[in-house]
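See below for the structure under consideration.
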Amino acid sequence: MDLISTRVVFKALVLLCFIRSSQGRDHFTKLNLPPFLKASRFPTFQHEAYDYIIVGGGTAGCPLAATLSQKYKVLLLERGGSPYGNRNITLLENFHICLADVSQESPAQGFISTDGVINARAKVLGGGTCINAGFYSRAKPSFVQQAGWDADLVNQSYPWVEERIVHWPKVAPWQAALRDGLLEAGVSPYNGYTYDHLYGTKVGGTIFDETGYRHTAADLLAAGNPNNLRVLLYASVNKIVFNTKQGHRKPRAIGIQFKDEKCRHHQAFLREERGSEIIVSAGAIGSPQLLMLSGIGPRNELKKHNISVTLRNEHVGKGMSDNPMNSIFVPMKNPTKQSLIETVGITDAGVFIEASSGFSQTDDSIHCHHGIMSAEIGQLSTIPPKKRSFDAIQKYVDNKYSLPKEVFDGGFILEKIDGPLSTGNLVLVDTDVDSNPSVTFNYFQHPKDLSRCVYGIKTIEKILKTNHFTNLTASGAGYPMETLLNMSVSANINLIPKHTNDTTSLKQFCKDTVTTIWHYHGGCHVGKVVDQQYRVIGISGLRVVDGSTLFRSPGTNPQATVLMMGRYMGVKILRERLGQAAGA
C-alpha cells in the first residue's frame, strides 16, 4: 500500500472512531433534554423551592419527573452520572462492561446478597435501563387488576413509553433457534412480535435500536418541560427532612439532605403548598434504605444505628424478592453472534425461558478496571473486598483458564420463575447512603419455586434435543444433558458451595447454580409501607414510586411496567392535584 492510500485509510479510521465516540453526544443533542447539572453546582444557600422533589433518576423516576414537570416545578436527584457519551452504556456490544466495572465511576454498583449471589444496582441517570439486557414486555392484565391500577390509564401509559424508546429486534440466529426450539418442545402457540404477556412463544420489544444503540429512561426526560425540570447528577440523598412540630397530626416531609460529588452537603425544600411532595424512586435497594436512614422503619433496626425514629414501621425492608435464574451453557461449533434477550417462552407452569449468546466488545469501548470479575461467560464472578488476596486471585485465574475454549463460542438458555414466592429482607450495614445494605433473598426457600426451576431445566433439555440446536453443535448430534450440566456448574458463577450431585439432582443444580437477572423487588410493599396511591403510611407529603412497592415481578421482565408506572403515577398525581384545585 502506498503512502497516500495509507493516509486515506488512517483518516477513515480516525473519522470512524470519532463518529462512534460522538454517537451518545449526538443523541443527547437531538433529544432536546433539560440541562444536567453536577450536584456541586447546586447553590449552597437555597433560594428556590419545588413542587416535587424526586429522589432517584431511574426507570420510574425519569418518566415521573418528565410528566410532573409539564405542570409543576420538579427537582430530580440522581446519585450517578449521565449515560450519554458513555459507550459502555449505549452500545449493545459493550453490555457486559458496566456490570464488570468495579470502579467508583461505574454506572453499576455491585453487591452480594447474603445468599452468595452476585448482583448489581444502577448508579446512573436512567437507572436499570442503562445496564440491563434491554428486553421489553408488559405485565399480564391480572397483574394490573391485582395492583388496583386504572386499566385505561395503564393502556395509555405503556404506549407513551413505547413510542419514545422501544424498538422491535432483528432476531439473531440464537434467538431464532430458541423460538423454533420452544415451539417444537411444546411451548406454544407462536404469538409473533408482541409486547403483551401471552402464554406460548413470542418475540418481545427491546430498548436497543437496529444499530445496537440503547435508549434509556433518561431519554424520557425530553418529554418534560425544561423550564420546570432541574436535574442534578452525583447527588446522593442521605435523609428526608420532616416537620414534626406539635400540632401536626403526623410528620410531614418538607425537604431532603444530599451530598455532592465533592462530599459537600446541601438541602432542598418543597414549596409550602398543599400537594407538594417528596417522591422516592431509588429502587428496591435504595428506597427502603433511604426510608430507614430517615427514621422510618423497624424500631430495633433504627436503634441499632442510632437513628432517631420518625415513624416506626416494621415492614420497611421486608418482603425482598429476586427472581432466581438458572442457565444451561451450550457450546457451538462456530462462534455465535452476540444477542441479548429477544425471544421468550411463557409457560403455564410459571416458568419463563429466554436466551443470550456470544461475546463482543467494541475497539473504542471505555476501558475500566474489572477487578477479578468474569464477564466473558455471561455472569459475574467476584470475591468480597475483604477477602481479595493474591491466593484468591490466582485461584480465580486458574479456574478461568480451566474452562473449555468452547465456552466463548456458545450461548446460554436460561430459565427463571414467576413471582417468586420466596422472600427475604434488607437491613442497614451502616448509616452511609453509599454503602450497600445487607440483602437476603432466600432463593428457593419456598418449595414451589424449586419445583418450577426443575420444570424449567427439563424444558430446556427438551429444547436442546430439537434439531434447531443439535445441528449447531460441533458433532451435529448435540450433547448429553449431563455434560451440559457439568459445564454449566462452572459457567454460572456465584459464591455458593457446590455439591457432588449437582448433575444428578436437578434440585441441587438449581440451588447451587442460582444467579440473578436483576429483577429484585420489594421492601416498601403496598398496604404495609405505602397505601394504594403509594403514599407512605403515617407520613404526609411522601410517596414511594418504584419496584420496591411490588409484591412480585410483573410479567417476564419488570422494565416495561416500572417505566409505565412512572408515567402512570405522574398522570394520576396531576389529575389528583387538578381535582384538589377545582374543589378549593
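Counting starts with 1 at the first residue shown.
In case you wondered, yes, glycine gets a Cβ from its N, Cα and C as well.
The recorded disulfide partner of Cys510, taken from TrEMBL and restricted to Cys453, Cys524, is Cys453. Of all the recorded positions given, namely Val124, Val237, Cys453, Cys510, the one with the smallest number of surrounding CB atoms inside 10 A is Cys510. Long-range neighbours of Gln559 (FAD binding site) (same chain, six or more residues apart, CB within less than 8 Å of its CB): Thr59, Gly128, Thr129, Asn132, Phe135, Tyr136, Ile207.
In sequence order, Thr59, Ala60, Gly283, Ala284, Tyr520, His521, Pro558, Val562 make up the list of same-chain residues 6 or more apart from Gly547 (FAD binding site) whose Cβ falls under 8 Å from its Cβ.
Taking a C-beta cut-off of under 8 Å and a sequence gap of six or more, Trp518 (FAD binding site) has these contacts in its own chain: Asn119, Ala120, Gly128, Ile131, Asn132. When pLDDT values are averaged over the domain 'Glucose-methanol-choline oxidoreductase N-terminal' (283-297), the model yields 98.
Within 10 Å of the C-beta of His519 (FAD binding site) there are 24 other C-beta atoms, taking all protein chains into account. In this view, Pro558 (FAD binding site) is surrounded by 25 other Cβ atoms within 10 Å of its Cβ, with every protein chain counted.
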